[in-house]
Amino acid sequence: MRDEVDLSLTIPSKLLGKRDREQKNCEEEKNKNKKAKKQQKDPILLHTSAATHKFLPPPLTMPYSEIGDDLRSLDFDHADVSSDLHLTSSSSVSSFSSSSSSLFSAAGTDDPSPKMEKDPRKIARRYQVELCKKATEENVIVYLGTGCGKTHIAVMLIYELGHLVLSPKKSVCIFLAPTVALVEQQAKVIADSVNFKVAIHCGGKRIVKSHSEWEREIAANEVLVMTPQILLHNLQHCFIKMECISLLIFDECHHAQQQSNHPYAEIMKVFYKSESLQRPRIFGMTASPVVGKGSFQSENLSKSINSLENLLNAKVYSVESNVQLDGFVSSPLVKVYYYRSALSDASQSTIRYENMLEDIKQRCLASLKLLIDTHQTQTLLSMKRLLKRSHDNLIYTLLNLGLWGAIQAAKIQLNSDHNVQDEPVGKNPKSKICDTYLSMAAEALSSGVAKDENASDLLSLAALKEPLFSRKLVQLIKILSVFRLEPHMKCIIFVNRIVTARTLSCILNNLELLRSWKSDFLVGLSSGLKSMSRRSMETILKRFQSKELNLLVATKVGEEGLDIQTCCLVIRYDLPETVTSFIQSRGRARMPQSEYAFLVDSGNEKEMDLIENFKVNEDRMNLEITYRSSEETCPRLDEELYKVHETGACISGGSSISLLYKYCSRLPHDEFFQPKPEFQFKPVDEFGGTICRITLPANAPISEIESSLLPSTEAAKKDACLKAVHELHNLGVLNDFLLPDSKDEIEDELSDDEFDFDNIKGEGCSRGDLYEMRVPVLFKQKWDPSTSCVNLHSYYIMFVPHPADRIYKKFGFFMKSPLPVEAETMDIDLHLAHQRSVSVKIFPSGVTEFDNDEIRLAELFQEIALKVLFERGELIPDFVPLELQDSSRTSKSTFYLLLPLCLHDGESVISVDWVTIRNCLSSPIFKTPSVLVEDIFPPSGSHLKLANGCWNIDDVKNSLVFTTYSKQFYFVADICHGRNGFSPVKESSTKSHVESIYKLYGVELKHPAQPLLRVKPLCHVRNLLHNRMQTNLEPQELDEYFIEIPPELSHLKIKGLSKDIGSSLSLLPSIMHRMENLLVAIELKHVLSASIPEIAEVSGHRVLEALTTEKCHERLSLERLEVLGDAFLKFAVSRHLFLHHDSLDEGELTRRRSNVVNNSNLCRLAIKKNLQVYIRDQALDPTQFFAFGHPCRVTCDEVASKEVHSLNRDLGILESNTGEIRCSKGHHWLYKKTIADVVEALVGAFLVDSGFKGAVKFLKWIGVNVDFESLQVQDACIASRRYLPLTTRNNLETLENQLDYKFLHKGLLVQAFIHPSYNRHGGGCYQRLEFLGDAVLDYLMTSYFFTVFPKLKPGQLTDLRSLSVNNEALANVAVSFSLKRFLFCESIYLHEVIEDYTNFLASSPLASGQSEGPRCPKVLGDLVESCLGALFLDCGFNLNHVWTMMLSFLDPVKNLSNLQISPIKELIELCQSYKWDREISATKKDGAFTVELKVTKNGCCLTVSATGRNKREGTKKAAQLMITNLKAHENITTSHPLEDVLKNGIRNEAKLIGYNEDPIDVVDLVGLDVENLNILETFGGNSERSSSYVIRRGLPQAPSKTEDRLPQKAIIKAGGPSSKTAKSLLHETCVANCWKPPHFECCEEEGPGHLKSFVYKVILEVEDAPNMTLECYGEARATKKGAAEHAAQAAIWCLKHSGFLC
């Protein structure tokens, strides 16, 4: 038989490929086609006049170029084209027309807009124009071959219907393509062809999540190109509505089959309503409208086409004759290459190898059974499936490629991610059974190769024989060797299996004979190969297009959608499975004179018949499209839908499967547990149907869902999944859009009411917003100076310096209203230089009366005193008018007076020092120059000559002077009568003052004989609230700094203003700053106390601490309270969520908690309560201190605020030292984190002073609901009884003895040890208890360290807590208590990891904190937290019990000596201390991170690298390695400040902060006596039932407060009376025995409406008894509830008398 044969097959020209411009012979063929065009008149489309039709170009020669599917058109002479045009279509489908789009136009106008530079009509072909015209009139399916320009028709249609999507329209055009590569390709074509905004949405691109984002996306774009799954998802969940789509284009629309679950079909069946007035225009494109093996049969062909038309509500149109396409596309030559069947001896050899592989597989299965516990059935089945898949792949490659191919396939799979989809994540050799099989198989198969033959010999031409190479593979090699010499040759080989593609590509690349072929493989993204990502696929295609590769071995992913061009040879190594596959793969050969080849076994008649059938079926399909033989369609299967009417979200049975998988994937998981639903199908022969039972993961809120009895397994599966979605939505796990709640959404339910945050004017929670700072109300109360008498409350400010090296003038504080008690006794320490300080105390001194003159003098004195402090430049002129500024009395001013005092009667009576005040105000600077003393000269003994006149010595002494030569102010302390200008300058024995001044300033003294003035410089005011003390130093006396100056160079400014007054004045701004902040804190306390009586005990100073940030640089800040409040907030919210949401998993609980406690939400709630105005976030800046007499000069209003407080403003004279300007409204910048921190700090403050009750009330006041009811705690304990059947598998008594606690509710203890991989008990696991226990432990540890180390900084407090409760620390506790022995788990790998880590700790107990050794399994730490959660519930939320327990087995202080500081942090501190530079970089490869760390010291660079599972682990290892190397090469010591504090710092007794709640009584719970529940032995047999049911797990919801429980008849049992209903008791009995829940059914209903009676029956399967099903009937009752209750009583009676219930 010949090796090849040419088939005389006439291939329709409409399915032929593209021509290459670069080849010269294309030009010759092009000219032939142009001549043929001119010699004949082709019928193309519907009859119309070319001269008058709007869409045809004018009668001129118009050039056509490439467009659409990257095709090449020919120049076209319009005058020679006939007007007899015909369109092939079916008349069986009714026409769809629309008047709004009956005409072609650019953006809806006859003439294109000047902006529409791109007009796709200019390069359109005749048939494209006519098909586009039809598409504007009705829904159309264009049937044209690959390369015929279908995309260009779609582009023209978008252009013509542009008026529907251009602004201000709110609709959009959506272009659907089935693959990501095709989406990107088609989006580029559209963007290049029309001036519309095009957006891409597909896998790997930016994900639009929210409804608002999709609204913006639609508004911003006219065309959206996406995969159909994305559109289906958006329609299902109401992100996009069908009414918003004006044009819907389906590329490769043949996927829309009536009986398929393809997204195309789902979109049309569920969401497209043909009767709707707002429905999109439909346009479909396909090269084969019929798909499927059976669809091409004569009886099904018409039915398939009609069904496609019905589903898309469109007609199929094509060209009638292929002649018109001949000028645009080329037909490949179809050839068949035969190979002979294997010889008998080779066949025997192959059989021998098959048996060898089968024997290896059986041995691996036997070893697998020994490794896996009998209870771990799912793991066993999973590994069996993986093993079978690997075995089938080797057998397949052995038969199709030969022995060498099988060897390569084994090695390829062994060394790659062959089983990445389903294999357990663990890399433990014992669990890698597939690797064991592949290794043994490769070794066994390699034994068949001669030992003296090396790889190069095997790949030589002589070795191309059986059994090493199959005859099929040899034939392929021959074909490629023939074509290898052809220029510009490119080839695609199509195979049906991924393993064939990878192995064949490997073999071809290693054949010396085919070295001119450069090969790679191309498989789908869903293949499960990590190496085949979207990026790698794009890289392969680009390399193929750039001729770097010229051979692709592809699966069916290369048949359609991918932009694979210029291909000359297409080989079907494996025959196509369908006609569609035949047509699509043939369309890849687009080059002229290309070849489409089949490899066929000459002894296999089926293969020859299959090829012949492809052509026959294709011709039959073309004929059927033209002449429809029947109007019959496929039966439409209307799926059941679940719709949420509130939102419009809708899901079908088919889509519910993927939604259920998506929900399960969102459940908490790790490398040991991948949650997914498991399906079991039970055929019911007598009814001829199937029931599907879904078992959900153990951490899902429902355990099992069972479908109704349905005819097929697929229908049953859809029904069960849809019921699961319904139930999950009812439980609130899926929101009203049928989606799991996003972590980005704000959890509104935990706030008491709604709050429109966006309506706050200019004050949001964004980063860095402007807020007004509150001024105390007491400071705003004015006095009226016009009255004859003003009474002010007075307070004595006492200064006590330490040491007593200064004298401070006594001052008083005067204001209109009295201070609160806490403020009256305020005392603070002001820190000076050199460890010195001043203690300040406030004492109330009654009421002081001021007459009219006195109040004016007091006001003037304060103004002058504040000028001296802050605006001394205004005192430089010779004359300063003495009058109070009007701005001092504005509403924004503060009204208090600071005046010097005199003490009388032993300091018990105070009075204002009016002598000093009047003396100061009589100073020369405040008098006109004419009054100055100038006539006394020369100076006498009682007078001194100053620069501004002669003055009495008494006036000069204790005054403020100004020197013109040095521009400085000085306090005159004394007159140096023994020293004058001729005296030597101190510290200089030769130079006199005369010489010194002349040399420095060029000034000659005229009166050098005058005595010198001993003066003290006037210093600048500082923030004295800042902590300047060093704990290891003692305060030291500091001599005051004095200098001597000549009087004649000094200007007398203010008399009587002594240095003692100056010293006191320098303290007052710090004192008043603290007083103002304290008064604000007291005001907030009163506001809160009015609403929350429970916090009345909190002190104002505690509130002030909570309001003061670290930025204020004071000795108090909110940070420690914030750490405490943060821990309590987490605890309180966790407790609330745990009890109120029994159906939510741990991951969703965590997300909801995060939404409550995150900064954005806390900021939002704080602003709602106006808390931001109380926050103190600015340090005292003397340049920004404003008081009465020194008002703020920056007037702020809505217009000026942005300019005044612009963050980008230029620095000016109003700029403060802190970079912020203080305005008249007290605006300052706050960040949302600052506001959130204040909320948490307030929680901590109320916690310390008022306990849990006060903190909880505050949280409720601010809008965080953390309430719960005692009944919810009791219900949680009762619900744990469902785990009691598992108590027989664990020795609970031993566990309780180890924990030193006896549980009242044993089910809680059992639940705390159930890993989510264990799902043989009806569901439930420890994760919810872990969530609760984590929050409890976090608060307890915070309370512990907060009280034990009172001087610990907040950052150190957080670090210490993290180190004490991190995973390794808790895992060590779990190991020490042997908690792993009680773990319920079905993961082999997890058991092995725990065992390895336990053995490691046993051999090296101090190495657990190091990076060496096995990694610490998180499960061990989770067990500790879940135990604490169970204990917390079992003792009724008695935190004292948990505190005692925590101290007993955690003992946080015990291991402080072995505290392991993070090597990352240690390295950072080390580099900072030695000023070394460090650099870090990370790369990811094969799922692992390699971290390179560089440290540069003294010009030398030290580099280390380490690898970890994630970047953090790699960085930790690299840091540890770097520290080791540094210590080895350098003489360095590492210091740990945290360690130093712990060893040397103050340590107090540990206390539980704030717990003052009453424990919940869970001891005397009324309910089911669990001892009377028999756990029966397992019997064989299964009762069958067709009705559906749902098993719920979790806590029962607490009854509404407004509803009273109806009295029910008590069920008397041996254990005592029970107040539960019989129905509830029956449910609990089923749960406790792991039975299915009872099924209640109304079987009889009689009587008129007002006298109706009901009879119920209950069906109960006793699964542990052989085929036992109870069916109990109750008596007639007036209500359904009563009837069901009576039926339940009957069932209880039956169970008791049957011995199942004692």
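The backbone N, Cα and C atoms fix where each Cβ goes, glycine too.
Site annotation for Mg(2+) in Swiss-Prot covers Asp1422, Glu1425, and the matching candidate from Glu1293, Glu1296, Glu1330, Glu1549 is Glu1330. Closest to Thr151 (ATP binding site) in space, going by CA atoms and restricting to the recorded positions Glu1330, Lys1418, Asp1422, Glu1425, is Lys1418. Cys148 (ATP binding site) sits 59 Å from Lys1418 (site 'Important for activity'), taking the C-alpha atoms as the reference points. Against the domain 'DRBM 2' (1621-1697), stretch 1292-1436 shows more Cβ pairs under 8 Å than any other of 475-629, 1292-1436, 1462-1528. Between the alpha carbons (Cα) of Gly145 (ATP binding site) and Lys1418 (site 'Important for activity') lies a span of roughly 57 Å. In sequence order, Glu1146, Asp1422, Glu1425, Ser1426, Gly1429 are the residues of the chain that are 6 or more apart from Glu1330 (Mg(2+) binding site) and have a CB within less than 8 Å of its CB. The Cβ neighbour count for Lys1418 (site 'Important for activity'), using a 10 Å radius and every protein chain shown, is 16. The stretch with the most CB contacts under 8 Å to the domain 'RNase III 1' (1083-1251), chosen from 475-629, 656-748, 1462-1528, is 656-748.
When Cβ-Cβ distances under 8 Å to the domain 'RNase III 2' (1292-1436) are tallied for each of 475-629, 656-748, 1462-1528, the top count falls to 656-748. Applying DSSP to the domain 'Dicer dsRNA-binding fold' (656-748) sorts its residues as follows: 30 helix, 24 strand, 39 coil.
Leu144 (ATP binding site) and Lys1418 (site 'Important for activity') have their C-alpha atoms 58 Å apart, to the nearest angstrom. Each of the binding-site residues Gly145, Gly147, Gly149 was assessed for Cβ neighbours inside 10 Å, and the highest tally belongs to Gly149.
Between Lys150 (ATP binding site) and Lys1418 (site 'Important for activity'), the C-alpha separation comes to 56 Å. All chains included, 31 other C-beta atoms sit within 10 angstroms of the C-beta of Cys148 (ATP binding site). Summarised as a single figure, the pLDDT of the domain 'PAZ' (932-1054) averages 83.
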